[in-house]
Amino acid sequence: MVGGGGGCCPTMDLLRSEPMQLVQLIIPIESAHRTITYLGDLGLFQFKDLNLEKSPFQRTYAAQIKRCGEMARKLRFLKEQMMKAEFTRSTRATMCSNINLDELEVKLGELEAELEEMNTNTEKLQRSYNELLEYKLVLQKAGEFFHSAQNSATAHQKELEEHIHGERSIDSPLLLEQEAFADPSKQVKLGFVSGLVAREKSMAFERFLFRATRGNVFLKQVVVENPVTDQLSGNEVEKNVFVIFYSGERVKNKILKICDAFGANRYPFIDDIGRQYEMITEVSGKLSELKTTVDVGQLHRANLLQTIGYEFDQWNLLVKQEKFIYHTLNMLSFDVTKKCLVGEGWCPVYATSQIQNALYRATLDSNSQIGAIFQVLHTTELPPTYFRTNKFTSAFQEIVDAYGIAKYQEVNPGVFTIVTFPFLFAVMFGDWGHGICLFLATLYFILREKKLSGQKLGDIMEMIFGGRYVIMMMALFSIYTGFIYNEFFSVPFEIFGRSAYGCRDPSCRDATTIGLIKVRDAYPFGVDPKWHGTRSELPFLNSLKMKMSILLGVAQMNLGIIVSYFNAKFFQNDVNVWHQFVPQIIFLNSLFGYLSLLIIVKWCTGSQADLYHVMIYMFLSPTDDLGENQLFIWQKYLQLLLVSLALVAVPWMLFPKPFLLKKQHEERHRGQLYAMLDSADDMFELETHDHSHGQEEFEFSEIFVHQLIHTIEFVLGAVSNTASYLRLWALSLAHSELSSVFYDKVLLLAMGFNNIVILIIGIVVFIFATVGVLLVMETLSAFLHALRLHWVEFQNKFYAGDGYKFSPFSFGLISEDDD
């Protein structure tokens, strides 16, 4: 089990997980931080938490973590400011790469304080600027109103005077004469309030004023052409300038309250025209000064944020790493007397020398007089599972890990999945035209993987990009099975030679009505193109694909059972070899292995035997003669033998194993046997043993019930799993028929109209149907069915999947993390 040596770069082995070892590290306090840093750079050591009984606040480095959290908060504040200013973080290399955490803490505090002060000042200046801008609008619009009103009053006065000095008539209004000779001291002086109100509230504002004052006000509103920045929300709002004339203090108080309720900003106004022009000039000057001040402040703020953007990623990564380091240090046991930290964790055996070198470098760089101690511990604890993958194999391993993490050192299904998964997909997706389209789409991601790997692609595109090599293999296998099915968008081609069939009459054209005869040797590779379009095409392909699905299913299930044998031999579990592997392989092949043999013999001999009849009466009437369904001599006696073996295999799986496990348990407690039971099927016994406080009685009934369930599951699963592989036939037939329908009923139908517009429409519909249905929906459907065949039908024969993943302390896992 311990292999691989201590070399730097051993050969990658996916069949079994890397040999792991439990290690104890004794690290001096003065070199602890640097040691953990170097181990994080290496990324090959998984620490165990030795302080589970302590809360996060009781741990040694809680204050440092709190400090890093505060720095992270300041970084988030800086990031928010850059996002508001629409600045992007620059990837330009910075000169100050050796910045200290203490220096960074001071710098972040200064930057936060400076930015907050800038924001406060900018907010005040912007508010003052907006107030002056609104005041200017009030002066301009209300001034225009007063000016027009004064001109109107002057013209009215002149008209009145001319009328009085002219000839009087009996029709002259008496009120005009009274108005003209009225005493100015007795005229009522009206007060007024001016300001701005939101245009959407103007109608309600006017209605409310009228009702509150019972119509004893005069309201004049003027539309402001351009939107105005609202002082409360900061958004652009369309507003109206208003002037309200009133009489009396009570009415004035009501008006002021209504203005406050509607959020109307009031500004003072003087009806003296000369004074109005002076105020407009004065306000315009202040606006110009404020604009200059605000622009200078914004420029200074932009330069500061740009400088921060150059170094933000480096600061963010440093803070994350420091926080990660202190979290890891809190997992170590603190020894006050010896002034050292004690840590335990898992690492691959091959990484021993690399970890020791990291410890040695940390001791030298921290000027520590005492070096860290690396000590291998012996334990019965189950190690984590670690497979070293690359960009090609990682996606296939993720498919297996999604079902369950492999138990330590058990056979990894990911090795077989690299070939069997895309192949089973291709059996359901066989069309070399569709395969080429899928391959070209995947090739785009592969050729641009360096550029796309550093970008955010969205959830769906990220998933497709991560599985680009899986899709590439699926496309290549689809091209291969497409050549076997001889389908290119459902159209056959004579690629590997001429068809073996021809017309009975050389002058015939309609071969589907008068039949075909064999005129030359068989088509060398795949399905003969002449089958396409004939009346017997569907029955022929149905029979071919159904039998092929059974052959593939039985072969893959046999592979799973054979892999369980190698697992049992590796863990030195003879019970599973003789009482699980042997009866299972006998039972499966006595039924469905024999069915596969009959299919192959029927193909080779061209027999017309009915295999349904053979398999059914093999159990109902095993002693009857087969008659015309006999494929070879001694077939009846072979069937009797296979039925007998299948019946014997069921109790063989059920009864011996529980009794042997009980015997092993008794011998182990008598001191005659110390071997651990490593089989996944013995977990019930192991759990009972591990959690016992003494020598508890062996739970034979529990083990027997577990074995009974396992036996029933295998016997019924042998039938249901074989039937489940018929999905290969069903989806392959559905894909072929859909492709044929789109070609015949869309593309060929459009070509038959001899109209360029209809032809273009037909081509567009054909392309969208092919891409949307066949290349997207059918791809997803075939992918999910292939996934189910691997998870349920294949992996349940040998795969426990009850391990836990190796999660090393590595800075590479946090470098791309975005808060």
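Glycine is treated like the rest: Cβ placed from N, Cα and C.
Predicted automatically and left uncurated, TrEMBL annotations should be read as such.
Between the listed ranges 101-135, 136-170, 206-240, 276-310, TrEMBL ties the annotation coiled coil to 101-135. For the transmembrane segment (423-447), the residues of the chain that approach it from at least six positions outside its boundaries are 464-465, 468-469, 471-472, 474-485, 487-491, 548-549, 552, 556, 727-728, 731-732, 735-736, 739, 770-771, 774-775, 778-779, 781-783, 785-786, 789-790, judged by C-beta separation under 8 angstroms.
For the transmembrane segment (746-777), the residues of the chain that approach it from at least six positions outside its boundaries are 431, 434, 437-438, 441, 489, 735, 738-739, judged by C-beta separation under 8 angstroms. Outside the transmembrane segment (637-655), and at least 6 residues removed from its termini, the chain residues within Cβ reach (under 8 Å) are 579-580, 582-584, 586-587, 590-591, 594, 618-619, 622-623, 707-708, 710-711, 714-715. Along the coiled coil (101-135), the predicted structure has mean pLDDT 91.
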